[in-house]
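Annotated region 'Disordered' per TrEMBL: 1-24, in sequence order. Marked as compositional bias 'Polar residues' by TrEMBL: 1-12. The annotation domain 'Calponin-homology (CH)' is assigned in TrEMBL to 87-194, 244-343.
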Amino acid sequence: MAANPTKPSGQTGKMKKDESLLGKLGGTLVRKKKLKEVGDLQEEGKKAINAPLLHADPDLLPEDTLLEENAERTILDPTSREDLNFKDLQKVLIDWINSELEEDRIIVKDLEEDLYDGQVLQKLIEKLSGHKLNVAEVTQSEIGQKQKLQTVLEAVNGVLRPLDWNTEWSVDSIHSKNLVSIVYLLLALAIYYAAPIRLPEHVSVKVIVVKKKEGILQTAHVTKHLTKRDAFDTLLDHAPDKLNVVKTSLITFVNKHLNKLNLEVTELESQFADGVYLVLLMGLLENYFVPLYNFYLTPESFEQKVHNVSFAFELMQDGGLQKPKVRPEGTRKITAILDDLKK
């Protein structure tokens, strides 16, 4: 029986070498395929992440776009942040807070950074209302801060709710340092508690409203009116009882000076309507005598009364005050005028 022929050793080595090469090539191709699949997945992931941003506003920060489905967020437009009237309003509110909390040695420098955790707001509402809130004095955790804010805002809303005040703030908006919400809250407190400050009129800001719907971010630009009319009109709308407190204070101020001429005021609108007391008050405040030929001491006609008020306005401007934002024939705003003189 013939023996089976054997393969040459050289051929066997060559086959092993070819198999080894094919194996390497196959492994390389598999790895490349897997890498491509991973790369495709990463690219799809990037597209999924970035897709909502395609419809977002270029002024938005990345963190502004992190929203749950159907959630909404309001962000202050960068141009409004630099608006001089808005900055002036913030300064007035900061000065007022610091004045109220001077005894507590609290100094506010930035509304967003100093009020978001509820600590200063707690002290402010306690000072204004005269009632202490049942909250922890110091809270470092986010949960503790939000709990404090919840208690503070419940106290604020409890005061304002009977007056049908539109609440433009919430625990989340305040804690997220939403400047517009913080300013709205402070304005409501300042107006309700008749803060002795002069709020800038007709201050408005633009905000970007961001909403996530079906995975896509939708944005809209909205104008928010912070202050519309003067503080006295706003006070009359929301808290007429507080306006009476302001009037009482102004009557005390006026009589302190008019008493030097043996004159006394009991009702502002009617007794100041003819401009006589207003002219005399200016002379007393600026320490000069107003010649009687410059105005009508006993005006008999509407025209003579308007002349007196116009003359008083001129004296105010000569004394360094801004021109009153009312017409001489419209003395309904006498409270605002006297408030300027008091300052």
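Glycine is treated like the rest: Cβ placed from N, Cα and C.
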DSSP-derived helix, strand and coil totals, residue by residue, for the domain 'Calponin-homology (CH)' (87-194): 74 helix, 0 strand, 34 coil
Integer mean pLDDT for the domain 'Calponin-homology (CH)' (87-194): 89
